[in-house]
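Asker: Dropping a structure here in structure tokens format, bear with me for questions.
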Amino acid sequence: MMITLRKLPLAVAVAAGVMSAQAMAVDFHGYARSGIGWTGSGGEQQCFQTTGAQSKYRLGNECETYAELKLGQEVWKEGDKSFYFDTNVAYSVAQQNDWEATDPAFREANVQGKNLIEWLPGSTIWAGKRFYQRHDVHMIDFYYWDISGPGAGLENIDVGFGKLSLAATRSSEAGGSSSFASNNIYDYTNETANDVFDVRLAQMEVNPGGTLELGVDYGRANLRDNYRLVDGASKDGWLFTAEHTQSVLKGFNKFVVQYATDSMTSQGKGLSQGSGVAFDNEKFAYNINNNGHMLRILDHGAISMGDNWDMMYVGMYQDINWDNDNGTKWWTVGIRPMYKWTPIMSTVMEIGYDNVESQRTGDKNNQYKITLAQQWQAGDSIWSRPAIRVFATYAKWDEKWGYDYNGDSKVNPNYGKAVPADFNGGSFGRGDSDEWTFGAQMEIWW
């Protein structure tokens with residue numbers, strides 16, 4: 001009995017410590033991928049992306065180690081009111097050695113307060129750096145609506161027929177603005193702050209199993225006093241988005257239409273590039289003139305076709321029409337079927353095609369890419385992760401144009417512009433060729 005009594009304080013202390021640890025538990029989430037690959041003609045794994053396309057089909061076609069490590073915690077709660085602190089640090093290396101030093105990217109650090117406004121139950125106030133309501137196509141790693149960055153907002157306001165969200169974020173360009181210099185010389189190497197103001201109305205039930213989301217984004221260059229932009233800079237622009245999501249075959253289908261103007265056309269996802277400049281090989285700012293418009297029509301989804309088959313798919317048309325004729329027309333179509341041999345083993349195939357036409361030359365670049373992978377994953381869904389896969393990829397391309405980045409923009413009037421593949425006896429784009437790669441990769445999110 002004496003021994004039991006002596007052990008009691010220790011047991012109480014341990015229990016209190018466990019309860020305290022549970023109360024202060026930190027949420028750990030993230031994403032990572034890494035692997036090793038070879039190229040059929042020799043050397044390390046090559047990855048294949050069509051010149052002018054903004055993404056590539058990713059299965060068996062990723063050549064880097066990438067990770068996002070998220071730590072977060074609910075730091076205060078009283079009734080239904082709470083504060084949550086969230087962080088995210090990302091890393092990317094070329095996966096060529098054991099020791100690969102890299103500077104981390106501090107991508108998220110924000111606080112979200114839920115139900116803090118009595119007359120707006122269910123809403124969230126937030127401020128800080130944040131991945132904000134991002135919309136993407138997983139199989140091509142393409143974010144078509146993403147205003148992430150430092151910002152603040154009020155989201156998920158219940159308006160009866162949907163949820164209203166308001167936000168403002170910042171996306172600064174590395175250069176583009178200039179202060180006065182002697183002899184009226186401007187270098188345009190100062191950072192340009194771009195503000196984006198976002199309004200969304202989501203979760204509107206428009207048909208059985210279907211919801212509609214509408215959004216408007218306005219972006220503008222926010223100059224400091226006595227600074228100026230390059231003559232003809234776009235300064236501002238708009239992005240309009242409509243997305244219909246339909247529940248179908250134990251999955252979903254998303255149909256998206258987007259239209260953007262001027263500064264919102266460069267990235268086409270909601271981030272503004274108001275100064276409209278870039279830097280050449282000599283770090284000299286040159287005008288890329290993103291005045292114009294963009295139209296994007298996109299359909300993508302993931303479905304289940306019986307007990308053994310799942311499939312992802314995408315089809316997209318995008319037309320960037322710039323006043324300087326340096327835009328592109330890009331269309332892409334692809335599928336990723338998955339056959340499940342057991343609840344944890346599957347065979348996955350990805351077939352994708354890209355075609356990009358240059359507005360300036362009228363020429364087209366195209367690429368076919370096919371990957372076959374044997375995969376072991378934590379579950380029987382096409383979304384199940386972690387996954388370990390061995391793969392073989394074949395790509396064939398024929399490119400008739402490329403971008404001219406020879407010399408610098410002060411002496412090369414075509415710098416940064418699309419030119420035919422054999423322009424001035426040179427070689428632009430990737431030509432007409434094909435290649436095999438093979439390897440192994442892990443992918444995880446949690």
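Cβ atoms here come from the backbone N, Cα and C positions, even for glycine.
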Asker: Return whether the side of the membrane given for GLY122 in Swiss-Prot is the same as that given for VAL277.
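Answerer: Domain labels do not match for GLY122 and VAL277 in Swiss-Prot.
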Asker: Which range, 41-53, 210-222, 418-430, does Swiss-Prot list as transmembrane segment?
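Answerer: Checking Swiss-Prot against the ranges 41-53, 210-222, 418-430, the transmembrane segment one is 210-222.
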Asker: Of the ranges 162-173, 402-413, which one does Swiss-Prot list as transmembrane segment?
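Answerer: Here Swiss-Prot associates transmembrane segment with the stretch 162-173.
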Asker: Of 131-145, 431-445, which range does Swiss-Prot call transmembrane segment?
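Answerer: Based on what Swiss-Prot states, transmembrane segment spans 431-445.
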Asker: Nearest to TRP445 (site 'Greasy slide, important in sugar transport') in three-dimensional space, by Cα, is which of the recorded positions CYS47, TRP99, TYR143, PHE252?
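Answerer: With Cα distances computed to TRP445 (site 'Greasy slide, important in sugar transport'), the winner among CYS47, TRP99, TYR143, PHE252 is TYR143.
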Asker: On a simple 10 Å Cβ count over all chains shown, which one of the recorded sites TYR31, TYR66, TRP99, TYR143 is most densely packed?
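Answerer: Counting Cβ neighbours within 10 Å, the top one is TYR143.
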Asker: For CYS47 (disulfide bond), write down the residues of its own chain that are at least 6 apart in sequence and whose Cβ falls under 8 Å from its Cβ; none is a fine answer.
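Answerer: Non-local contacts for CYS47 (disulfide bond): LYS56, ASN61, GLU62, CYS63, THR437.
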Asker: For the topological domain 'Periplasmic' (116-122), report the average pLDDT of the model, please.
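Answerer: Computed over the topological domain 'Periplasmic' (116-122), the mean pLDDT is 97 on the 0 to 100 scale.
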